[in-house]
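To start, the structure under review is shown below, and the notes come after it.
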Amino acid sequence: MSKHSDVAVPESQSFLQDQRKRRIFGDVLVYILLGVLSIIWLLPVVWVFLESFNKKTGPYQSTFFPTEYTFDNYIKLFTERNILDFPRMFMNTLIIACFVCVISVFFVLSVAYCISRLRFRGRRFFMNFVLVLGMFPGIMAVVAIYFILKAMNLTDSSTTLFALILVYSAGSGAGFYVMKGFMDTIPTSLDEAAMLDGCTRWQVFTKIIIPVCKPMIVYQAIIGFLTPWLDFVMAKVICRTQTNFTASLGLWQMLQREYINNWFARFAAGAVMISIPIAILFIVMQRFYTESMSGAVKG
Amino acid sequence: MSATTLSPRAARKARRLGADYIPPSPYTLKNALTKGDVWTKLSILVFGLGNIMRKQIVKGLLLFAGEVLFILFMIFSGAYNLSMLPSLGDREQVQVKDADGFLHFEAGDNSVVLLLYGVATIAICLVFVAWWVMSIRSAYKAQCEAKTEGHASTLVDDLKALLNQRASATLMFLPILGILTFTVLPLIFMISMAFTNYDHNHLVLFDWDGFAAFKEVFFNSSSTVNGKLFLSVLSWTLVWAFFATFLNFFFGLFLAMILNRRTTRGKNVWRAIFSMSIAVPQFVSLLVMSQMLQPDGAINRLLKNWGLIETSLPFLTDATWARVTVIIVNLWVGIPYTIMQVTGILQNIPVDLYEAARIDGANWWQTFTKITMPYIFFVLTPYLITTFTGNVNNFNVIFLLTKGDPTPTDASAGKTDLLITWLYKLTVDKNDYNLGAVIGILTFIVLAIVSLITYRSSGSYKNEEGFR
């Protein structure tokens, strides 16, 4: 090291080694970054929200944010039910989502527990099989699924809801990989202790693994609940009559060429209405992601 | 079981699999057929007979009921379904005049339905074979138990075992049933379509056509679906999936770590802000984005109002712009999910690992590369692979943002079309089911090659218990 740098070192070191200054410097950078990113992430959300109160109902306006605000879009969305019956679509989706959420969490937990904790013949085969299955494009099966439902007499307008629940939740067991990864990090000593105390494997599953997996269950529940709100390809093929539309299908319909000029503001209102149950759910579930839940097993 | 009782082959397998190895059951089909007594052998024809004779009445009756149901099914529809499978039907719908002089249609064969029923019947036959094996093995097991313990296991014992030693069977039954009917069956059905001439010219009646559809895609350069177009769509699909997966992962990881820093305040507020975009359903935000990015959309208007640009930026109308735009919009959609997932895992890293590292004098970078990253990769490799395949098959982002546009005239795929959206266009818009199925199979082959290689070499496959 040269003499020159010898002189310079104490100062720079004092800056870098001064924990407090370094931390404040880092914090400022972090807050600036987070601030900019939050604007990017919030902007479209805020835009839809404001657009839903826009007095002009068309899609392309001369200003970025609306100039006049009104509550009409919401009122019309829920009262003018003869063209697109949004309240009904909303309820359809909510019902489907609740069922899919429960069933898919149960399926994923069961499969993940078996794969992670139990050793049985065909286990490796099943894992590889599901992995291979996931590589087939899902869209490929959509038309085929419709034919299968038709063969099962489930495509009438009275059974469409049931058909959708079936379709969304049936294959969910294949999404066990993340949950299994989580369970793999739980020490097996817990299971062994419980088995020594006389627990059956079923009891180990319900009394130990499920409580420990809470954060991941939350994640899975969100995924399951969101499926019917997000999907519209499957719904589009299966729902043939408008009374059975899911909310996503209805919203998509509002942006089609024949509707968009009158319905764009109502589309925004509908989007806000859909986001509300999901947001509430999300805030409730958020607390599971706080640091208090850190670690499958503490200590 | 000691190594001496294992056959050399089983012993090799046991060494290779380690703790994963399960010794083969002594109640194999071969043993049952050679060493079984008369009741066990009669169970080959009458399912459950061996069980009933050993006082496992309920189990025996269930096995028998399965056999009866299958035979009834075969008599009433199964045999017909199988017989129609080779020809896929050839009766056309005809108009007949009935006695009163009214015209009415006499339904002809519908090849799609015949194909589906044929495939389903084959699946049911396979299940029946499995049922047959199970019933023989179960009869032999009952025989052995009766010999060694005086009586075969009772119904209560069997039910208890379903919650304990055989819990895997109980828990996996419904999920596997679901996967088989609504994932595997449709796939086999669609795959078989690739070998027919089910296209827009043959919508009701079609026939098996061997590899003609594959030839059409690869060797017929004059058709709208040709090898050159396939390669260009394929390369864009791979580029897209690579960027969509890894940019999402690294930016998400980076943000999650920043949010997880000890000194970052208001963690929950920041997390809530990023989660806002999850609360808005993905397809809504995509439709909104697509509206905002139109040539007359909100973003262009904003930039014009600020005087930054004169003419609209071609976000979704120029090929290169559109490709970059979909990747960036996908970051907007995907990063919050990554943050959510990585946060859970970051908090799950055992604290003592970090403490040990600190005591040993490791700096921040060393703990990051030696503890955080290996741990995250260990848990998330399967996730990364599924995300990659998910992105190759990411229908929503492309379809809702660009619909695959900009599309050159006369081409069946646009510049941002992935294989999956192309497949959708071919089947749903153009009714060329056989070509769509070919594209689907090719997509699968590409994905299988990419992901099996990565997965096989990942830590969480080789060493499942590494972090226990």
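Quick reminder: no glycine exception, Cβ is built from N, Cα and C everywhere.
For B:234-454, the entry in TrEMBL reads domain 'ABC transmembrane type-1'.
Here the transmembrane segment (B:61-80) has Cβ contacts under 8 Å with residues 46-49, 51-52, 117, 121, 124-125, 128, 131, 134-135, 138 of the same chain, all six or more residues outside its ends. Sequence annotations record features per position, and here TrEMBL assigns transmembrane segment to B:61-80 (among others).
Look at TrEMBL and you will find B:112-133 (among others) tagged as transmembrane segment.
Here TrEMBL flags B:169-195 (among others) as transmembrane segment.
As annotated by TrEMBL, transmembrane segment applies to B:238-260 (among others).
Taken from TrEMBL, the feature transmembrane segment covers B:272-293 (among others).
Here the transmembrane segment (B:321-346) has long-range neighbours at 236, 240, 243-244, 247-249, 251-253, 255-257, 259-260, 271, 274-275, 277-278, 282, 285-286, 289, 293, 313-315, 372, 375-376, 379-380, 383, 391, 394, 397-398, 401-402, 405-406, 415-416, meaning same-chain residues at least 6 beyond its ends whose C-beta is under 8 angstroms from one of its own. Residues annotated as transmembrane segment in TrEMBL: B:321-346 (among others).
Taken from TrEMBL, the feature transmembrane segment covers B:367-385 (among others).
Residues or ranges marked as transmembrane segment by TrEMBL: B:433-455 (among others).
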Is it true that the transmembrane segment (B:169-195) and the transmembrane segment (B:367-385) have 3 or more CB pairs under 8 Å, sequence gap of 6 or more?
no
So what's near the transmembrane segment (B:238-260) in sequence-distant terms, Cβ-Cβ under 8 Å and 6+ beyond its ends?
267, 270-271, 274, 323, 326-327, 330-331, 334-339, 341-343, 346-347, 372, 376, 380, 384, 387-389, 391-392, 394, 397, 418, 446
